Amino acid sequence: MQKYISEARLLLALAIPVILAQIAQTAMGFVDTVMAGGYSATDMAAVAIGTSIWLPAILFGHGLLLALTPVIAQLNGSGRRERIAHQVRQGFWLAGFVSVLIMLVLWNAGYIIRYMENIDPALADKAVGYLRALLWGAPGYLFFQVARNQCEGLAKAKPGMVMGFIGLLVNIPVNYIFIYGHFGMPELGGVGCGVATAAVYWVMFLAMVSYIKRARSMRDIRNEKGTAKPEPAVMKRLIQLGLPIALALFLEVTLFAVVALLVSPLGIVDVAGHQIALNFSSLMFVLPMSLAAAVTIRVGYRLGQGSTLDAQTAARTGLMVGVCMATLTAIFTVSLREQIALLYNDNPEVVTLAAHLMLLAAVYQISDSIQVIGSGILRGYKDTRSIFYITFTAYWVLGLPSGYILALTDLVVEPMGPAGFWIGFIIGLTSAAIMMMLRMRFLQRMPSAIILQRASR
């Protein structure tokens, strides 16, 4: 029992800074929306449309680079720290190549925006302008993620948290300058949010690099000599590990976007209630998602040390802590769902629907916690392909079709509206949790030599 308590302390020491960093990141998006809304409703809508395109694109790159964390954690655990700097350099090359692709996609996203039915031309122009300003921050964001993954792979999560809050504090005044045109800058409205956020990502990256250069604990890593050129073999391995994670993230984001589109014809009340419940459940998701990142580090580190039993302990501890957290957040959601809904809107119909949907959200929080932590465990084992297959099957083969049938057809019951989609979420997330656990058990029952050989690739 003592080993689980000790492991839980180590996990939480890693997870809490990651949680706070994620809160800072979320707060930046909130600040952009509020400050753009203070300028005009059109600018706020433009930022919302632009963000809905930016997120899937940048999260794809983010997911690709998540491969670095278990690689660095295992090298650190095995005492092969001299190889870490080379992996990080290749991570920067990969981030640079992916940034170019993302920037090209975002530059041409105007075709998607203007294709939207009945969109106001002025709104479309502002959304395109916002994206074309924001896209210059894509390299800064992804370079920051490489540096952050280096620190977190070495079990140092606090730098990412500090840089997140630095970014938030810088974002507010820079937003103000570019939205309203102060200190000789042009008045750009919502487009100014894109300029500010792009600049902030570069500030965060440069601040993180400055920290890494000065950190005594990483002196041996930054002094490591080696080629700075792209090395196809290393980059290929990072892509093989990271691409399934990137695709899984992309599938998850697009799933919720598709459901939002399917709900939109049902009316204002249904759309508002769905959005409130989704926004709140996304906030709750920060907890297990951050814990999953910590579990990846701990499992990878233990495998690097050559201890499959300690890796199992880290995995089981992460699951136990995650289930405890999810139980508490579910109780909180059920107990205060109406009061939470009232914070968003005071329309009685909207509040009633949102409260009902949050009840369904509480049901799946434990499954959601298990599946996302399970994904983190599999990343630690470098078993990332299974994450993609499980995500695709659970969300797109089971969850979305069942939600569609329940929400919009009478094949099983009378059309349930948004609640049908949320039952689909429950089906999808529960299926994902079961499959993640089965895959984890399959891996852990392999002979230790095979587990370590797979993990060291």
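Cβ atoms are placed via backbone N, Cα and C, with glycine included.
Relative to the membrane, LEU188 and VAL412 occupy the same side according to Swiss-Prot. Of the Cβ pairs linking the transmembrane segment (243-263) with the transmembrane segment (387-407) and spaced 6 or more residues apart, 3 or more are under 8 Å, so the two regions touch. Counted as Cβ pairs under 8 Å, contacts with the transmembrane segment (53-73) are highest for 276-296 among 189-209, 276-296, 314-334, 350-370. The stretches the transmembrane segment (160-180) and the transmembrane segment (11-31) meet in space: the count of Cβ pairs below 8 angstroms, excluding pairs fewer than 6 apart in sequence, reaches at least three. For the topological domain 'Cytoplasmic' (297-313), the number of residues in each DSSP class (helix H, G, I; strand E, B; coil) is 14 helix, 0 strand, 3 coil. Between the transmembrane segment (350-370) and the listed ranges 11-31, 127-147, 189-209, 314-334, 387-407, the one holding the most Cβ pairs under 8 Å is 314-334.
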